[in-house]
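K.L.:
Before I ask anything, here is the structure I am working with.
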């Protein structure tokens, strides 16, 4: 055999991976013989030379495992089947050299997403000797991955649906999304296609095996759509957090300052106020959004050309652009490994938000009136605008494109279903707790609840200002991971490799940032972005594909009954109705 870039097969060595003691052959650049293990530390991995890195092929396994005649095919073939087969052989070699370990697997092609990309453990040293994670870490990794920006929009979404109907929808959507995610994790095991290894297959591989290239492309495209939606929402929120943080810093530097500009002319009750502009249940009014953004960039209604802080520090004008120049270098790293060290910040930020909302409940008390519609505390039990909640929840409970990666590092795979269910229960609890607690404590008309509930607090509020600053830093560390995932999936689908060159990567990042800045400037409505992205992408990846995969596999196994068939068609119908409702109700 040769080095990492390609593994040769001799005429008398039909499948060296099956031999107990493979022949010792040195790589061209030197090193230990293949077949002999050498322990290496995590710090040494990054310094290992790789002369063939430039020609390294990305990995998407759909070929054989060398157990049939395909193992004799040339490893230098350009055919897709040959390439995939060769990478499968390559994976088995690394797994043979370091079974169950993480060290050699970290040098696998970038398309194979490492499980630690979603792990809450910041350092490899915190894992056990085998490099695997137990159920507790798995559960909180699932929880941490799902608990995203939609948490800030949950009180607004609950208000759109009404208290009782909203809680019912929260729990029902959690159950549906859990079931379809369970189908995703079980689907590789039920494949009858022997060319796909169930231990390594992604859901896109399952879709390709069952539905061909169309199924694979559908899975990849709508997975990328979810990630791009996440990038847009992150940019809107980071612009918001940076703007208010900068306003606090600037105001604190002014002599004898006692007024925070963003809190002028507001009616205060229990440190909560009603913003002038809240997200309404309407189709985007692009003309008004464009006029407001241009007016703000021109300096507002005053038209003053002189320098002022308010002119050069605008929420929908300059701040999103400043953010683009500051963060663009972070988007172009070839590997996001460094940023995974900060995954634990997501857990800390969620905990802080839970305590923050609970503290406001203790401060403001419960303000709900179920009998008097004219009261400012009146609570609707149900509201016809409930699709705002169902669309948002589709994205909030979305983990389907990452769940197999997370569970692949599970020490006890037999507990996957249990750990996934516990993770979903924790997420549902957090969403209900945040939504209900803020909703119950809100002391003015609930139509004032913003789609980012931190906007209901002025920049001078200490707790909310701390939350903004902390979330800003946390999102800055997560954004490169989102960009990496978008780049990996998109470029592999187009070019067959995850890093097709720095120029193409830079062009893609510029386009993505331009789109994000555009939304942050002209349509910074977090709730609406979440529900539209969730309902569109969720229809395919959460509802349709898992249900169709289940029907197809059950039909092939002879276990499909009419009841199961119609029930899973019903899941698809729910996804279609959820999408249509976003525009017609």
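Keep in mind that glycine also has a Cβ here, set from the backbone N, Cα and C atoms.
Any TrEMBL annotation is an automated prediction that lacks curation.
Since this is a predicted model, take the numbers as computed values, not measurements.
Straight from TrEMBL, here's the annotation block:
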REGION    1-35  region 'Disordered'
COMPBIAS  10-20  compositional bias 'Acidic residues'
TRANSMEM  136-157  transmembrane segment
DOMAIN    138-246  domain 'Amino acid transporter transmembrane'
TRANSMEM  163-185  transmembrane segment
TRANSMEM  217-237  transmembrane segment
TRANSMEM  313-331  transmembrane segment
DOMAIN    324-581  domain 'Amino acid transporter transmembrane'
TRANSMEM  338-358  transmembrane segment
TRANSMEM  378-399  transmembrane segment
TRANSMEM  420-442  transmembrane segment
TRANSMEM  462-485  transmembrane segment
TRANSMEM  505-523  transmembrane segment
TRANSMEM  529-551  transmembrane segment
TRANSMEM  566-584  transmembrane segment
K.L.:
Which residues of the chain, 6 or more past the ends of the transmembrane segment (378-399), have a CB below 8 A from one of its CBs?
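P.N.:
Same-chain residues near the transmembrane segment (378-399) but 6 or more away: 142, 145-146, 148, 150-151, 153-154, 156-166, 169-170, 173-174, 177-178, 181, 226, 229, 281, 368-370, 372, 406, 424, 427, 431, 439, 446, 527, 530-535, 537-538, 541-542, 575, 578-579, 581-582, 585.
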K.L.:
Are the transmembrane segment (505-523) and the transmembrane segment (338-358) close enough to be called in contact, which here means at least 3 C-beta pairs under 8 A that are separated by 6 or more residues?
P.N.:
no
K.L.:
Using DSSP, what's the helix, strand and coil tally for the domain 'Amino acid transporter transmembrane' (138-246)?
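P.N.:
Split into helix, strand and coil, the domain 'Amino acid transporter transmembrane' (138-246) gives 88 helix, 0 strand, 21 coil.
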